[in-house]
Structures are given as C-alpha cells and as structure tokens.
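Asker: Sharing the features that TrEMBL gives for it:
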- 15-37: transmembrane segment (TRANSMEM)
- 76-99: transmembrane segment (TRANSMEM)
- 105-130: transmembrane segment (TRANSMEM)
- 137-156: transmembrane segment (TRANSMEM)
Amino acid sequence: MLFMESYLCYCSVRLGVMSVGVLSIILSITLSTVFFVRGIHLFDELIDLLENDSQYKTSSVVRKLINWIHDSPDKVMIFLQVMCYVRIACAILGIVGAWRLHKWLLLPLAFLEFVYFLSITISHIVLMIVLKKQINLGLLIVLTLVGSFYCLFAGYNCVTCIALFQIINLVRSNKYRQLYGEDPFNPVAMRRSRGEVQQLRVLGTPEDTDIDEQKRLAKLGLWPRRHPQVISVIPMQTPAVNLKWWQQQALDRDDKLHDSAVYRNWQRDELLRGVGGEVDRKNELNRRYAEVQHFQWR
C-alpha cells in the first residue's frame with residue numbers, strides 16, 4: 001500500500017521529493033551561515049533557559065550537553081557544520097534519485113529527514129515546557145501550534161521520500177512492465193493477453209434522458225408501458241380442472257336438475273376459472289352443496 005499518491009494534494013510524489021531536497025539544501029545553507037556568523041554564542045540563550053529551569057537543570061543529559069558546549073566549542077561547531085553539508089549531499093542524491101528513478105539514492109535523504117523530524121520534535125517539546133512559566137498563555141499556544149505544524153511538515157517530507165521508494169519498486173516490477181511497458185515515464189495502454197487493446201463498453205438505455213416525461217407519465221399511471229391483458233375463451237376440448245369432491249358432486253347434480261340457461265351461456269370451465277360472475281357462482285355452488293347434504297341425510 002502506497003503511503004501517498006501526491007505531494008500536498010497538488011503535485012506528484014516525484015516532484016515532491018525534489019521539493020524536499022531543495023528545501024533541505026536551503027535550510028542547511030542557512031543554518032551553516034548562521035553557525036559561521038554567530039558561532040557558539042548562538043546557544044547562550046538556550047543554555048540560560050535550561051540552567052534556570054528547575055526541571056531540566058539537574059538532568060544528566062542536559063548537563064552533559066551544556067558541558068560539551070562549554071568545554072569543546074570548536075568540536076561542536078565542526079559537528080554542526082559537517083551535519084549541514086552531509087544533509088546537502090543527501091538532498092542532492094535524493095533529487096538525482098527522484099529524477100532518474102533510482103530508489104537507493106532516496107534512502108539517505110529519507111533517513112536524515114527522519115532524524116531531523118525526531119530532533120525538532122524533541123526540541124520543541126522541551127522548549128515549550130521550559131517557556132511555559134516565562135511567557136503568557138496566548139503566546140505559548142501560538143508557539144505550540146506553529147511548532148507542531150512544522151514538526152508535522154517535517155514528518156510529511158520523510159514519508160514522501162518513503163512513498164517514492166515504494167512507487168519506484170512498483171514501476172520496476174515485472175508485472176508492471178508486462179502491463180505498461182519498460183518506460184515508466186511513457187506507459188502504454190493496458191493490453192489483453194492476446195495483444196488487443198481493451199475497449200471500453202458503454203451500454204445505452206433507450207429514453208434514458210427523458211426523465212421528466214417519465215415522471216409525468218408515471219403520475220398518470222401510463223409509465224412503464226404495459227401491454228393490455230388478453231382474456232381468452234377456453235375451448236370445449238380443454239380437460240376439466242381438478243375440483244374438490246363436493247364441487248364436482250354439486251355440478252353433477254346441477255347438470256341433472258337444470259338446463260344450460262342456468263349458466264347464462266358460459267361454459268362450465270369458464271365459470272370455475274373465474275371468467276363469469278364470481279360471487280353468483282360461489283353462492284350457487286354452496287346452495288347446491290347444502291341441498292345435496294340435506295338430501296343425503298333424510
């Protein structure tokens with residue numbers, strides 16, 4: 001699963017890694033210039049804040065850092081300058097790797113961006129804890145939000161480098177080459193196994209644009225269009241339907257007692273299937289059934 005498909009929802013991940021490399025170069029050159037101009041005195045205010053804070057002035061890590069700055073200022077400046085130029089070199093490698101799609105050239109930039117993200121996050125947390133007793137609440141909230149967003153941006157840049165590494169792995173895979181060709185910058189159209197270009201099928205429905213007219217006809221009961229029901233007369237040769245014993249007995253007795261005028265010129269099967277008068281037919285059958293039962297029990 002890819003970490004991202006675009007950088008800042010605007011440009012490609014490849015261009016995003018190039019932008020990260022350029023920003024790293026600018027930031028490293030700026031810090032290197034400040035270190036050359038200010039020297040070790042740049043950390044005097046930070047050392048005063050840590051030594052006057054009751055929580056961190058007794059910390060062993062803070063004491064070692066302060067003693068290292070006081071005892072070996074030249075080594076501290078050399079270390080910081082070397083880190084700035086190492087980051088510039090890694091940024092150049094990352095730009096070249098993004099330009100030529102060499103994934104292994106992205107790892108140094110991704111590693112240094114991750115280290116930079118951890119360092120500024122820890123520094124921001126410690127600095128906000130130290131400053132919470134020396135500045136007002138409004139300014140503390142503003143500094144906390146600004147610093148937090150910058151830390152998130154630094155972490156986002158690191159994830160961008162990792163995402164491009166994943167994308168390069170994808171476009172260099174055998175399956176991708178079989179589908180889209182050898183050149184990732186100019187992918188070919190997806191082909192079928194037989195080599196034919198797959199065509200997109202579009203299914204059109206009739207009268208699919210006349211929605212208002214369909215709604216109007218639906219209110220009138222004229223949509224969807226239905227064919228009229230066809231009522232057919234059952235021919236005389238049609239075999240009789242399965243009747244219950246009492247219905248059959250009533251009909252047999254009725255044939256003996258009444259003539260064809262009782263059925264009003266309807267066939268017997270038509271009456272049983274409901275073509276004739278349904279209510280009259282049922283009443284007539286029930287009456288005849290009652291007469292038969294009364295006749296049997298006399």
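Keep in mind that glycine also has a Cβ here, set from the backbone N, Cα and C atoms.
Give me the lay of the land around each of these features.
Answerer: Taking Cβ pairs closer than 8 Å, the transmembrane segment (76-99) reaches residues 14-15, 17-18, 20-22, 24-25, 28-29, 31-32, 35-36, 39-40, 68-69, 105-106, 108-112, 116, 161, 164 in its own chain, all 6 or more past its ends.
Long-range Cβ contacts of the transmembrane segment (137-156) within its own chain (Cβ-Cβ under 8 Å, at least 6 residues beyond either end) map to 113, 116-117, 120-121, 124, 127-128, 131.
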Asker: For the transmembrane segment (105-130), what are the same-chain contacts with Cβ under 8 Å, counting residues 6+ beyond its ends?
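Answerer: Distant Cβ neighbours of the transmembrane segment (105-130) are 17, 20-21, 24, 49-50, 53, 55-56, 86-87, 89-91, 93-94, 96-98, 140, 143-144, 147-148, 150-151, 154-155, 157-158, 161-162, 164-165, 168.
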